[in-house]
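As written in TrEMBL, here are the features:
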- 1-25: signal peptide (SIGNAL)
- 70-202: domain 'Plant heme peroxidase family profile' (DOMAIN)
- CYS83-CYS166: disulfide bond (DISULFID)
- ARG111: site 'Transition state stabilizer' (SITE)
- HIS115: active site, proton acceptor (ACT_SITE)
- ASP116, VAL119, GLY121, ASP123, SER125, GLU139: Ca(2+) binding site (BINDING)
Amino acid sequence: MAAAAGKKLAVLVALLALLVGPSAGLLGIGSDCVVFVGWPLPVILRSLICGILGRPYTPPVWRDEPTGAGLSVGYYNNPNSYCPGAEAAVRKAVENAIYQQGRGIGAGLIRLFFHDAFVRGCDASVLLRSTALAGSDTEMEGPPNKDSLRGFEVIDAAKNATKAACGGRNVVSCADILAFAARDASDILSGGRISFAVPAGR
């Protein structure tokens, strides 16, 4: 008896949210047709509501988690690689920045790498200045990061240094440069107590 009453109540709440939702801020219509603020909505219910509203519904695409299987420590230091001096060039750029700007820039580089990795990335997407979608914020310009992240100019200097070390070729990825810079900043700021190998080849 209680289960039947619970189902009736759930249906009543869903109908009430559909009727009152837009004015109460409970329901939003966006790119995925309909969103109940704070409520997970099953795919079947989303497709039903989208059909009633006459809007297309595209279910989310599930992607496999990246494994990092192609990464290796010393990827650029191998004499047969594209750029044996890449890691040393990044370290020199980080050392110069810390010497000229102070220890805070080292902490900024570590934070920059964290913000890149935190959004399931480690892909240097935090360095993007524009997107293909008009009006869409990049990670750099998004509310949590705007005017709070620092160290972008150090990454640019490291990119130029690796290009020079690699015979004028851009063969070192920005994602690897960002990872190396955070590692080197940790090592320099800790006086060598925090030192670790960084797999590369992104």
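Cβ atoms are placed via backbone N, Cα and C, with glycine included.
Those TrEMBL annotations? Automatic predictions, nothing curated.
Here the features listed in TrEMBL are placed on the structure.
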residue	record	DSSP (3 states)
CYS83	disulfide bond	coil
ARG111	site 'Transition state stabilizer'	helix
ASP116	Ca(2+) binding site	helix
GLY121	Ca(2+) binding site	coil
CYS166	disulfide bond	coil
Going by C-alpha positions, which of the recorded positions (CYS83, ARG111, CYS166) is nearest VAL119 (Ca(2+) binding site)? ARG111
Neighbour tally for GLY121 (Ca(2+) binding site), based on other Cβ positions within 10 Å of its Cβ: 15
Take the C-alpha atoms of ARG111 (site 'Transition state stabilizer') and SER125 (Ca(2+) binding site) and report the distance between them in angstrom, rounded. 14
Provide, as an integer number of angstrom, the distance between the C-alpha atoms of CYS83 (disulfide bond) and ASP123 (Ca(2+) binding site). 20
Rounded Cα separation (Å) that holds between CYS166 (disulfide bond) and ASP123 (Ca(2+) binding site): 21
Which one of these recorded positions, CYS83, VAL119, has the sparsest Cβ neighbourhood, judged by other Cβ atoms within 10 angstroms? VAL119
State the Cα to Cα distance, in Å, between GLY121 (Ca(2+) binding site) and HIS115 (active site, proton acceptor), rounded to an integer. 9
If I take the alpha carbons of SER125 (Ca(2+) binding site) and HIS115 (active site, proton acceptor), what is the distance between them in whole Å? 10
Cα-Cα, HIS115 (active site, proton acceptor) versus ASP123 (Ca(2+) binding site), nearest Å, comes out at 11
With a 10 Å radius around each C-beta, find which of these binding-site residues (ASP116, ASP123) has the fewest other C-beta atoms nearby. ASP123
Is it possible to list how many residues within the domain 'Plant heme peroxidase family profile' (70-202) are helical, extended or coil according to DSSP? 65 helix, 4 strand, 64 coil
